[in-house]
């Protein structure tokens, strides 16, 4: 594009900006006519037009490119001719404003009357493009926004409103006058952003003059004005573009999500309909005058069988007895619906739910389980209708407060239904939600690439132009010089632009006044000058001034002094010292806590003074040493000085109230660590990089939040005020409401955090369901799912390799390493010296120096390298060469001496100038290569970590003996020594044998030989597969045994005894296994394998507890806690299961980087934690009335002392919130709760209510403390938690690179072929079900196998689902009957389908899985009809099976071309399944271990908050349920709360637990906190994020696959069509049927008729009998789609081999000819025929004429016989024309039967079908076709014709 547009450029420079005149317009019209004529000509001659595009750098809105120079003032704001060649024949003109921005207008009259030359339009244009105009509009919008945030605006705001409307109207009028309304391009309504303005203004006028009822709803439309900011700020448009793109891309995911949710909701509806209304109702009713026998009859209500029957309480016949009961004035309905009769738990708003199955919740004494009252949460949580079920499942999928739904459902329906939730969380939540992330990330990446490509293009264009201009300039110079020589005068060039020796422009000369120059030269030099200046940040005078003021070189002694100080300040040791000070300072700040002694407080404040002094001194010294000019050139120094200044200011203002926040700024010093901690540095960089891009996104997010907050306030604010009594018992506004803007903003922010359901219930209760659902779900989908995922996408994209390169700006980066290197060197020096002394020889200093090498990278005299050397950046390109060299060296490809960089690598610590790159996802090597990723593939330090090899080796695990390979031996050696690989290794390492020679055993004789035989026997046993299987079985059994040790074990004596014995048996077996392995493998191998170490430690635990039992110490505390470590037993299973081991190895590879990020996150959080301690320590205490659990008002109790004075009553307590900020540790816990959004509400409420230390809190007195949490959530939660995902994904990619992705060495082209072929090879033609011989059966068969039949059945299935969706819990009898009848119809239809298929397909019906499934469903449906009551009572409702039928939709999707996107998503899921299964297994293992641990530690804690009778750690099942809940971090705060009770009055340590001898119900806070935090980090952050990583990865792969021209389905469709043409699955097809076959195929393989010629050109090989093989056809068609390529043949060969191997039954496949040869043969034959015919004709004509002449001469003598002869001959020649076709077809048949490869010579005429190819007989013979055996070039068609 660039090159094409260059020649058409007018030589740039300001002079080419020509005013737009009527002549210009006429010229445009002239050009347009010429262009039209040219196009017409081209069209007639069928010449293709290259597509023309507008130039990207001259788009409207962009700035005028530099090449055009500075436009002179007279062209500013004036219509100019368009510069873009694209518009040369279109009626447009441009206008430039002062900022050189381009505005493009249409040159047609605006509003039909204002031509481009009219005064009015010119004025309007001037106003429109003026910077002040847009500024004014922007300010108006912002002011308007401020007015919109007022919850109750003053009376005069109406007038202001009119003003705003006036301004917007004026703006639109200006635009219309300048641009025109909507007819041509560049008019007002052609810009979608103007639609927004137009609609807003129209709405304003409509609402003003027409009364439309609900004004506030319409007024909310004004909020959209805030969107106008997007039009004014340039960067925002692109982000919004990306957003809109991603929303478009999301359509498929949305459809899939809605579909899956509908299916799940349907299942939920069928399973749990009406369950959530089951409550505990007081029973029997407390009445005196009722007939006692009526309710006291035991058999009637107390009987389990009765109350286990669901149908009883809904039974109409029973209710019909009301009339009888009402005699005794008992109103059943009222009783059942009176909330006073329900059982409520303390502090809950909803009655306790219960269920009638054995594993559901039970009611307390005196209550019965009945269906009564409304559903929980104002009646909004239920499965009673499809829509509520859908909402419940959407909530489950977005994981908002789902633990509540989970607990309610399990309580009402039973714990078995946990499976339902597992499926939905894993499929719905993890998969679908992350697909949304994957799609958004991809859309963003694509958008990004496009932008980059555009920039690249511009850059290239610009470079080309500069080249041209330079040449031009040189030519001018030459011309001038020549002139000067000729004329003898001076060539007086332009003085300001003399070039200095470096070839750069010297801009120091004074500029004259700008003269309007017409030479291109000045434009170029101006442009160049601008470029130069653009590279300098400040104007030149600033540099002069800075040199004078900021560089202090006054006198020689001072300079010397400066140099000394520089040496001191820059010394690595000083750096080390400063770093230590930073760490100590951070520690001091982290030691603050509450309550703190005065002495400790003093120590801390003195410490702070000292550190402030040290840092100030460092800054002052650096300023002296480096001069302010140099000092402030470095970012770190600016940062330092900022913090030091703040610290000093804070000291000065220490006693001013309210400025304690300044103390928090000291915390930023922590970030100075980044200087010497590469990972931290890099993470800060990543965040910095993202913040740039995120700046715009954050603005968009802010605009969205603002709009929704205002909308919420306008729509619902009033309702909250008026209907507040519905949601608050004391009729005061709750904390979360929308009455004012700030609270409305908080609600929207909370929705962005993913918590929308609770606030939505409130909203629905006060303001109606429809509006609230709409607004909340819009915020949820737009804000949370799209914008926040875009956030994540940005972060992930910042993880690109560029940001991972650690910064090399300053040499100081390594100062720490240098210092540490020196210290190591010093220690080594001392060691060597002392050893020398001990050995009695005193080494000279020189010797020691020689033996140790240089001290840690210092120069000769131990000083650090001089400053200038240090700062010099490494040469960029040179580096690259060195890098390549380095790689070659590693692989051994370069000979000659080692490259210097290699030596550097070896002399690693000693090189001070080396920047060490520590990528975030570092490889596992301890030493990083000095080069970046290029060397990763050849990572050298592998051998350094040999001993631990098995851990990282995917297959070898000694302890999983199945694949034991003795390590550390060369494969060749090994092969020589023991051919079977079945000999044990050495027992001990060489070092051991050297130290203790007694360990050496001679195995060739005597005892040694016996020992060797024993070892070999053990080795054989251990290596045997059965042994391995047995051990795995034992591990599983012993792990399973642990699950029985719950709180009931004491009561189950038999089980307990069995377990005790089993435990001993297991221990003995494992000890035996360990001893066997010691003997078999030897200590050396056993103890160098990490998996064996794991086994060893776990067996040790068992041994210790066994010994303790023998000695009778089993009740000792330490022994008991050791016993809990038995929970680790299942870990031994890890090494035995391949799938899990793969995942664990991947995880272990990621651990270093995960730890790195975890550390950095901790540092990040430390800042917020210390800040929290500063803000809230000791302020969360409150005074509470223990009887009512209510907090006293501050009017009653104001502070701690007042509270303590009331304590004598015993009902008052001064207590703290359990999770608080009293010290940094608790601060961390609080932050974790806030970051996972669990339990964060209580912490936030406490913070917002807090006043001062030891003062009673007051409601929302400290409202803006919410902002602390908002900021933390953005930086601490969004950023840092998402970094985990980034790291894990990055790591996955690194590991893939390391373990050799095979695709790395393939070109894109090759990959395409490779993939197509991969798919191709896996398929082969199936034998179709034969068509029945019977006529009727045959007809039915045809009907049943049609696609239409399938699709119509599918539609019926969907309709059946719809009728199931219509069901509700409280439907009328009529509806029940109608649905029953409809259901009957469906059952009959599906039964009919079943019968028809069985009739047509006969016994083959049962060979297809889907058919069997259908059959079972039909049978179940019929049985279900007959026995519905019975089945519903004891089994799952049979309607459920119908839901599974929906899976058949997947089959129909193939037939719909448009559903490709959805199929891609499903394909991604299928690809991820194996990996996800492995991760699921690992997750289960972790859950298992933790639940065993939880049972042994928390079984007896007090039941409160999240722990109750169903959700607890008492039994294994309950523990698993609790842990599954926490896997998504849901509800962990509730489970942790009771465990934080450490003593009275929170819990009772002496409480008796019946049935056991364990006392107390207190928890252990430290164990509890470790337990939950570690579980959350492992499961939530690591395992769940691995899920995300895999899905992202596979989604990308699947998208690539689906975007390939040929996908799996195309091949499947090919074979499906093939089956119809080859019913016997011979894999061959007749050549005659080929044309029909390729015509019936689906796109893209299809070749539509007429396709004869096309098929001939495909050159397909044929076997005897004129048959063609399926693979050949498929290859040819694939080639046709993908285009030809050199790799094709090789691939084809491998594919054929594969196919032969897969199908040994294949017929001997020896092609004898090809379609092309066959055609050539036919053509040859026809030509020979024709030639021969002509020859005959000519002969007979000759003969005839001869005869004629002869007869003339002979006077007719003998004519008759000759006539006969002649007639005969003529007939022979021409008679055949009549039976042309007959002969031809016969000839063809004969030819078909011949198997001769040579050309046929029988004489037949051409067939009609070939006439197209053969010229009519009279024409001269065509050039002969090539002889046999010679190939024809690709253009066969031409040669044939």
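Cβ coordinates come from backbone N, Cα and C, glycine included.
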Residues flagged as transmembrane segment in Swiss-Prot, choosing from 1409-1426, 1607-1624, 1625-1642: 1409-1426
Stated Swiss-Prot location of transmembrane segment, expressed as one of 773-791, 792-810, 811-829, 830-848: 773-791
Swiss-Prot annotation, N-linked glycosylation site - which of 297, 955: 297
Neighbourhood of residue 363 (disulfide bond) by C-beta distance under 8 A, where only residues 6 or more apart in the same chain count: 280, 343, 352, 354, 369
Sparsest-packed among the disulfide-bonded residues, when each Cβ's other Cβ atoms within 10 Å are tallied, from 731, 763, 1203, 1547: 731
Neighbourhood of residue 1562 (disulfide bond), C-beta criterion under 8 angstroms, separation at least six: 1501, 1502, 1541, 1542, 1543, 1546, 1547, 1548, 1549
Separation of alpha carbons, residue 731 (disulfide bond) and residue 1203 (disulfide bond) (Å): 27
Chain-internal residues near residue 772 (disulfide bond), provided their CB is under 8 angstroms and they sit 6+ positions away: 716, 760, 763, 764
Intrachain residues whose Cβ lies under 8 Å of the topological domain 'Extracellular' (1247-1263), provided they are six or more past its termini: 594, 735, 742, 1175-1183, 1191-1192, 1194, 1197-1203, 1269
From recorded positions 401, 725, 731, 1199, the one whose Cα lies nearest residue 356 (N-linked glycosylation site): 401
Candidates 401, 1185, 1199 (recorded positions) - the one closest to residue 731 (disulfide bond) by CA: 1185
Close approaches to the topological domain 'Extracellular' (151-157) from elsewhere in its chain (Cβ under 8 angstroms; 6 or more beyond its ends): 713, 717, 739-741
Rounded Cα-Cα span from residue 1199 (N-linked glycosylation site) to residue 1185 (N-linked glycosylation site), Å: 14
Helix, strand or coil at residue 280 (disulfide bond) [DSSP, three-state]: strand
Tally of DSSP helical, extended and coil residues in the topological domain 'Cytoplasmic' (1137-1153): 16 helix, 0 strand, 1 coil
Distal contacts, the topological domain 'Cytoplasmic' (1397-1408) - CB-CB under 8 A, six or more residues away: 1329-1330, 1332, 1337, 1340-1341, 1343-1345, 1415
Nearest recorded site to residue 1199 (N-linked glycosylation site) by CA-CA distance, among recorded positions 401, 725, 1183: 1183
Residue 401 (site 'Important for inhibition by tetrodotoxin') to residue 1183 (disulfide bond) - Cα separation in whole Å: 29
Rounded Cα-Cα span from residue 725 (disulfide bond) to residue 1183 (disulfide bond), Å: 27
DSSP-derived structure type at residue 363 (disulfide bond), helix or strand or else coil: coil
